[in-house]
């Protein structure tokens, strides 16, 4: 005894063949933010590297004394970390562009983007913190330790370059937080409710 009710069969077929929600597609914003991260990394590196300054210091006799980023390990780490960030942002921008027309690949890339973006955020934050600490010592000095005097009143150009570079790196870390948030939200929007 077969049922002649076709209405029940069509309801079952339509509900089972409904595709999973596609989620909101933010890959255009992802590509833009990754390009902005590259630009911020590049600008921060160029600004700190070009901030060299030489001043004549009056010790027993006048001596030219240069200030360069490579004389401070914290600034060298800062340049290296932001260079890695720039390279990473180029690679992930290209990956985002490549995956922009492939929905299955987009979904697979999102967890990896979150993981690697979080790692890069840690690198940017640690580099910015170490460079910021040394820059603060250059600006204010430390009267409790002999030899840690202020230098920014003498090396004003160098200190301005360091400060601007740190500010741009902080902006880059905010962009990285936005990238993590965007990827997490994209994954969340793809989960069926």
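We count from 1, first residue shown onward.
Using N, Cα and C of the backbone, Cβ positions are placed for all residues, glycine too.
What Swiss-Prot records for 1-30 (among others) is topological domain 'Cytoplasmic', and it gives sequence analysis as the kind of evidence.
Residues or ranges marked as transmembrane segment in Swiss-Prot (evidence: sequence analysis): 31-51 (among others). The list of residues near the transmembrane segment (31-51) in space but at least 6 beyond its ends in sequence, with Cβ under 8 angstroms from a Cβ of it, reads 69, 75, 78-79, 82-83, 85-86, 89-90, 92-93, 96-97, 100, 131, 157-158, 160-162, 164-166, 168-169, 171-172, 175-176, 178-179, 182.
Same-chain neighbours of the topological domain 'Extracellular' (52-73): 79, 134, 151, 154-158, 162, counting only residues six or more beyond its ends whose CB sits under 8 Å from a CB of the stretch. The feature topological domain 'Extracellular' is assigned by Swiss-Prot to 52-73 (among others).
Of all the Cβ atoms in the protein chains shown, 16 others lie within 10 Å of the Cβ of residue 52 (N-linked glycosylation site). As annotated by Swiss-Prot, N-linked glycosylation site applies to 52, with the evidence given as sequence analysis.
What Swiss-Prot lists as transmembrane segment is 74-94 (among others), and the listing cites sequence analysis.
The topological domain 'Cytoplasmic' annotation in Swiss-Prot covers 95-108 (among others).
The transmembrane segment annotation in Swiss-Prot covers 109-129 (among others) and rests on sequence analysis.
Summarising the annotation, Swiss-Prot assigns topological domain 'Extracellular' to 130-161 (among others). Long-range contacts of the topological domain 'Extracellular' (130-161) within the same chain: residues 47-48, 50-53, 55, 57, 67, 72, 74-75, 77-78, 169, each at least 6 residues beyond the stretch ends and with a Cβ under 8 Å from a Cβ of the stretch.
The transmembrane segment annotation in Swiss-Prot covers 162-182 (among others) and rests on sequence analysis. For the transmembrane segment (162-182), the list of distant contacts is 26, 29-30, 33-34, 36-37, 40-41, 43-45, 47-48, 51, 69, 75, 78, 82, 85, 113-114, 117-118, 120-121, 124-125, 127-128, 131-132, 135, 138: same-chain residues at least six beyond its ends, Cβ to Cβ under 8 Å.
What Swiss-Prot records for 183-193 (among others) is topological domain 'Cytoplasmic', and it gives sequence analysis as the kind of evidence.
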Sequence-distant residues near the transmembrane segment (74-94) by C-beta distance (under 8 Å, 6 or more away from its ends) are 31, 34-35, 37-38, 41-42, 44-45, 48-49, 113, 116-117, 120, 123-124, 126-128, 130-131, 133-134, 162, 165-166, 169, 172
Could you tell me the mean pLDDT over the topological domain 'Cytoplasmic' (183-193), as a whole number?
84
